[in-house]
Amino acid sequence: MSQFDYEKNAAESQRQVNDGAYDTTAVVGDGNLKYTVEEGGNTSLPTYQEASGAPVEVKSPLGYTVGWVTILFLNLSKIIGTGIFSTPSTILRGTGSVGLALFFWVIGFLIAASSLSVYLEFASYFPSRSGAEVAYLEQAYPRPKYFFPTVFAVQTVILSFSSSNAIVLAQYLFKLAGHTPSPWEQKGVAVAGYTVAVLFLLFNTRWSLRLSNAIGIIKLLTLIFIGITGLVVLGGHTKVKDPTANFRNAFEGSSDATAYGATNAIYKVIFAYAGYDNAFNLVNEVKNPIKTLKWSAPLSLITATILYMLANIAYFSAASKEEILKSKAVAASVFFENVFGTSGAAKALNFLIMMSAFGNLLAVLVGQSRVIRECGSRQGVLPFTKFWTSTRPFGTPLGPYFLKWALTILMIIAPPAGDAFNFVIDLAIYPTSFFQFTLALGLLVYRWRRKRVGLPTAEFRAWNVAVYFCIAANLYAVIMPWYPPAGGATGGDVSFWYATYCVVGIGIIIFCGIYYYIWITLLPKWGKYEIRQTVLVLDDSGATTHQLVKVPNAELAAWDAEHDVVGRAVQRRGYAEDDSK
């Protein structure tokens, strides 16, 4: 395409944006890439996307019930899980000092904020696409066709369990009851708790979001209470003696920190901030999403950061550094016991942490159900397309909910306590860091490609320094876990080789690549067919999806003549759905 053609495309695209009129049959070509434009019912802004991507749902089958309050609490409920109550002692151990531990929480905020800016820019390009990174990776890397949707879908299915917070929920329920459970009692209650969480969300989208918001308010008030109490402790108005002791020579011990300890600490901080992107999974359910997200999403992250800093200050004001490191209880328990005693206050804390874990289960279920629906079904890369995509009969994503429930129950029951369980939970971190790095790098690629084709500018653009920082931070998270701990190969958090989860994480990604190669290249070659996509509108709810079909080589020319680049039939004839996936 000549420079004149690119400038002509840009001028025409910008005119359509200004006039609010889009030709949904128009195609902008760039080599083997074909860009189309569609407008969803949630915004007047167009979605320009490469034609191999999942189709825009002009009418969201899940409705438009997500407002700024829901965005705020969807993010807060996922960010504020159990991490802020349990990880401060691990972070302190990894950093060696109170001052450096607090500084790591600031670094965690900067990493989360830079990643959030990447998500915001991608959302401004695709304001009518839910699913967050699955949609963004699909568009940042459209070739090889279906590669990233397939890899991300398979690893998402493999790792889409929430067993850790279900176990934490069970533990604190037993603490409230004053009973020490057997392993199978704990697993049974965890299964029951997670099943209840799924049932709460199963029957109505609007009320499930309201329940998530209500529990989010409880979690928010809990951290506000801890933060204010910490300030009272610092003021010397409680029985805690010398509450400022940890803040004198706050960086004493920093020199004892090792590379492995610092990496472990930054991983725990990143884990504690995870959830700032949750609302992006529901973008197509938000009216005027970019206008709403570009202030409400940062507000949720900033709110969590302020409360995290206040909570850490509260912990360090009420307990000595040695007390926090040596205690077998979570940091919040040490704080409550030192300030309020051990009886009623401890029970109150157990209840609040239990509610925090339950709220996290709800928020993750809501967000990840949209991710699974997007990558597993609407992109057409998993079998049983209609099962994953349909929202009947309750207007909720039953297929993704069922998958989440089944895998979580399996991961609650199957692993034994100790190393195996901890290993399975940590396993999810490494592929996530890899995809976050790939996503931030993909934003730079996608910017260049849009400029080259002449598509209009985005409503939001991330600062370049934020994008580069995001790339560097996630590259660090991919590389540094390989650095050995001071104790040698078995000196990590588990009794076996410290980097086993990294190898298994890479193995999962490689397995996804092999799956893709067999499905897209080998099987079609052996079967003398090629994969093509078609668009299905499942019912009057507006649910729209891709279905990948096998077209015999002898019929390819006829198929391509009868379908546009998106896969919509110009003339209709029957082809077999690809069930070999």
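Each residue, glycine too, has its Cβ placed from N, Cα and C.
Residues or ranges marked as transmembrane segment in TrEMBL: 66-86 (among others). Listed by sequence, the residues of this chain that lie at least six past the ends of the transmembrane segment (66-86) yet keep a Cβ under 8 A from its Cβ atoms are 165, 168, 209, 212-213, 215-217, 219-220, 223, 268, 271-279, 282, 285-287, 292-293, 295-297, 299-301, 303-304, 307-308, 311, 330-332, 353, 356-357, 359-360, 362-364, 366-367.
Here the transmembrane segment (98-120) has long-range neighbours at 88, 91-92, 132-133, 136, 246-247, 250-251, 254, 257, 265-266, 269-270, 272-273, 276-277, 280, 290, 293-294, 297-298, 301, 305, 308-309, 312-313, 316, 321, 436, 439-440, 443, 460, 462-463, 466-467, 469-470, 473-474, meaning same-chain residues at least 6 beyond its ends whose C-beta is under 8 angstroms from one of its own. Positions annotated as transmembrane segment by TrEMBL: 98-120 (among others).
Here TrEMBL flags 146-168 (among others) as transmembrane segment.
The annotation transmembrane segment is assigned in TrEMBL to 189-209 (among others).
What TrEMBL records for 215-236 (among others) is transmembrane segment. Non-local neighbours of the transmembrane segment (215-236) in the same chain are 72-74, 76-77, 80, 84, 243-244, 303, 307-308, 310-311, 313-315, 317-318, 332, 335, 339, 352, 355-356, 358-359, 362-363; each lies 6+ residues outside the stretch with a CB under 8 Å from one of its CB atoms.
For the transmembrane segment (257-276), the list of distant contacts is 75-81, 83-84, 87, 90-91, 93-97, 100-101, 104-105, 107-109, 111-112, 115-116, 297, 300-301, 304-305, 308, 363, 429, 476-477, 480-481, 483-486, 491-493, 498: same-chain residues at least six beyond its ends, Cβ to Cβ under 8 Å. The feature transmembrane segment is assigned by TrEMBL to 257-276 (among others).
Per TrEMBL, the feature transmembrane segment maps to 296-317 (among others). Tertiary proximity for the transmembrane segment (296-317) is limited to same-chain residues at least six positions away from its ends with a CB under 8 Å from its CB atoms, namely 68, 71-73, 75-76, 79-80, 84, 88, 98, 101-102, 105-106, 109, 112-113, 116, 119-120, 220, 223-224, 226-231, 233-234, 240, 243-244, 246-247, 272-273, 276, 279-280, 324, 331-332, 334-335.
Residues or ranges marked as transmembrane segment by TrEMBL: 352-372 (among others). Residues 62, 73-74, 77-78, 80-82, 85, 130-134, 156-157, 160, 162, 165-166, 168-169, 172-173, 176, 193-194, 197-198, 200-201, 208-209, 211-212, 215-216, 218-219, 222, 275, 278-279, 281-282, 330, 332, 388, 397, 399-401, 403-404 of the same chain lie 6 or more positions beyond the ends of the transmembrane segment (352-372) yet place their CB under 8 Å from a CB of it.
The transmembrane segment annotation in TrEMBL covers 393-414 (among others).
The transmembrane segment feature in TrEMBL is assigned to 420-445 (among others).
Away from its own ends, the transmembrane segment (465-484) comes close to residues 110-111, 113-115, 117-118, 259-260, 263, 266-267, 270, 430, 433-434, 436-437, 440-441, 443-444, 491, 498-499, 501-502 of its chain (Cβ-Cβ under 8 Å, at least six residues beyond either end). Taken from TrEMBL, the feature transmembrane segment covers 465-484 (among others).
The transmembrane segment feature in TrEMBL is assigned to 496-518 (among others).
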